[in-house]
Amino acid sequence: MSEKYVVTWDMFQMHTRKLSERLLPATQWKGIIAVSRGGLFPAAVIARELGIRHIETVCISSYDHNQQGNLNVLHAAQVKNGGEGFIVVDDLVDTGNTARAIRELYPNARFVTVFAKPAGANLVDDYVIDIPQNTWIEQPWDMGITFVPPLARK
C-alpha cells in the first residue's frame, strides 16, 4: 500500500450516521450482523441510530494488521432465510474476498460498509466513502493519541 487514509473518530461517526440515514425506516430490519472486528464499530453506531437491539456477529479473519491473508470463518451468525431483514455491517470492502464469503452466508441481507475500494465496491449494497485501491485505511480504533515533538527543537 503506497498511501494512507487516516480516519478520526469524528469522521467515522459522521460517515456512519450518514450510512444509517440510508437504512431508514428502521422498522424494516430484524437486526444487524456485525462483521468482526472492523464491523463492530459501525454496527454499534447504526444500532444506536436505528434503535436496533438484536445484534449478531460473523467472525472472519483475513488480515494481520496490514497484510491480507487466507480467509477463515471462525463463527457465522445463524439467521433464517439467508439473512433476510438483516443488515450486514463492515467497516470496509477491500479486495472483495470477505464480501464474497459474506454474500454466500447471507445472500438476502442488506450488506453495507462505511468505506469501499474499487475491487470490492460492487459486492456491497451501499457505502459512504470511496477509497483508492492502493490506500491503507488507519481506523481510529487501531490508533492511539500520542505526543508528537515540535518540528523546531531548541
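From the backbone N, Cα and C atoms, a Cβ is placed for every residue, glycine too.
Keep in mind it's a predicted model, so treat the numbers as computed, not measured.
What Swiss-Prot annotates here:
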BINDING   Arg37, Gly38, Asp90, Asp91, Leu92, Val93, Asp94, Thr95, Gly96, Asn97, Thr98  5-phospho-alpha-D-ribose 1-diphosphate binding site
BINDING   Asp91  Mg(2+) binding site
BINDING   Asp94, Ile137  guanine binding site
BINDING   Asp94, Ile137  xanthine binding site
BINDING   Asp94, Thr95, Gly96, Asn97, Thr98, Trp136, Ile137  GMP binding site
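Of the recorded residues, Trp136 (GMP binding site) and the residue listed as 'Mg(2+) binding site' place their C-alpha atoms 13 Å from one another.
Among the listed binding-site residues, namely Thr95, Asn97, Thr98, the Cβ with the most fellow Cβ atoms inside 10 Å is that of Thr98.
The number of other CB atoms found within 10 A of the CB of Arg37 (5-phospho-alpha-D-ribose 1-diphosphate binding site), across every protein chain shown, is 17. Of all the binding-site residues listed here (Leu92, Ile137), the one with the fewest other CB atoms within 10 A of its own CB is Ile137. Taking the Cα atom of each, Asn97 (GMP binding site) and Asp90 (5-phospho-alpha-D-ribose 1-diphosphate binding site) are about 13 angstrom apart.
The two recorded residues, Arg37 (5-phospho-alpha-D-ribose 1-diphosphate binding site) and Thr95 (GMP binding site), have Cα atoms 17 Å apart. Cβ crowding, taken as the number of other Cβ atoms within 10 Å, peaks at Asp90 among the binding-site residues Asp90, Asp91. The 5-phospho-alpha-D-ribose 1-diphosphate-binding residues named in the record, Arg37, Gly38, Asp90, Asp91, Leu92, Val93, Asp94, Thr95, Gly96, Asn97, Thr98, extend over a maximum Cα to Cα distance of 17 Å. In terms of local Cβ density within 10 Å, Asp94 ranks first among the binding-site residues Asp94, Gly96, Trp136.
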